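According to TrEMBL, the features are:
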BINDING   A:78, A:79, A:186  divalent metal cation binding site
DOMAIN    A:72-293  domain 'RNase H type-2'
């Protein structure tokens, strides 16, 4: 299978771009400089996501308030956008001093699923206004990263991706100097197993992994709001590298009629979908099976095929006259070409 | 609709639209590539006619794509290619992780893309295969595996040196 193109230069531009992104100034990369203190209000999320590379994960941490370095803090973890076929899955964390428990309730941090988008936005705004008392962070996991993980030769499940993201965010927060004494996590998979894993990784910190933690613990609700608001903005600010694309893609959930229409209208016969889509979702796979060009991959499990034992006893007819080629050629799939 | 393909060969491929007689190709790459000549396609972006692409940028994909048509390589594929290190790249195709490496056509050899409008129905009839462009390098992509000597296509290039040695005349024989 060969693809050819004439515009060699665009590859060079891309390489140059990647290089600029990693310029190191006084030990901090340019990315770090932009990210530190970059998002101070909700509108900044739109700016942030519209300028980011959507094909890779994006982590952002708010500035750590001094009080969170001095006083013991609780930290909540939750995710948004696990089910949708479109857009990133976002992990969010929020932390605040144990002395500020009342603040979280005053902000209205409650079960995020009972909140409307407007209410979530309003609470996020209030969280930003209280950035001297609480902090937050998100990890926006790109749809392409999710598909890549699930299509690896050794597959990484969505639960593993989730846990790794949560663990990464907690680590980064501790490294940033936050004095964490309690961690509350909304579970993926079995809570007991997840809890044991976290206890092992973060000794000395009280860890609670529970189902529906976002409706039980206000700090998890805050994390959930942070994740959900970030995902909403990431989805809306999506820039298509694939060129012109309809922006009416609905919620991104497979059963949303708007999303269904968008998916059906966004098929490229060869490449499938723009990278807004999680290719590994069955909704996407089924659509490509029925409406795009067939693609066949080598099977990663396919090793030397088993030979039936009876074959060694049967008279071989086929191999009699065939001269066996040296391994050098068979290993390299080389053969004599006498015709085209 | 005809079929397009590619190859690397030694010898004269004369000018554009010449007929390539099989003996001019002393060497062909691995089976999967030969197979792809029949199944896969040369993609030409921007909807241009294949025969107008004189210096194509080629991507060898690690999967069979059952199509013979133009493709939006620039926007859907190239725009996502990233460097892993100095020589390896990464990208995705339909959500599958790919790792790639640029491979140069061996010295003294020439990469040629070609096109056949219609394969004659009988073996006796001469086939007309037209050279549509030449190339000196291409990107070889693997599915979730850094390209290495373990890959048939890359190790097939060993044959170029070995063939050279086998067919060269011994001019500096060591006296024993």
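Residue numbers in this text run from 1 along the chain shown.
For all residues, glycine too, the Cβ spot is worked out from N, Cα and C.
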Divalent metal cation site, defined by A:78, A:79, A:186: further same-chain residues with Cβ within 8 Å of the Cβ centre: A:77, A:80, A:91, A:92, A:185, A:188, A:213, A:214, A:220, A:223, A:224, A:227
Per-region confidence, the domain 'RNase H type-2' (A:72-293) (mean pLDDT, whole number): 94
Chain B contacts among the binding-site residues A:78, A:79, A:186 (Cβ under 8 Å): none
Secondary structure of residue A:79 (divalent metal cation binding site) (DSSP, helix/strand/coil): strand
Cβ neighbour count within 10 Å of residue A:79 (divalent metal cation binding site): 25
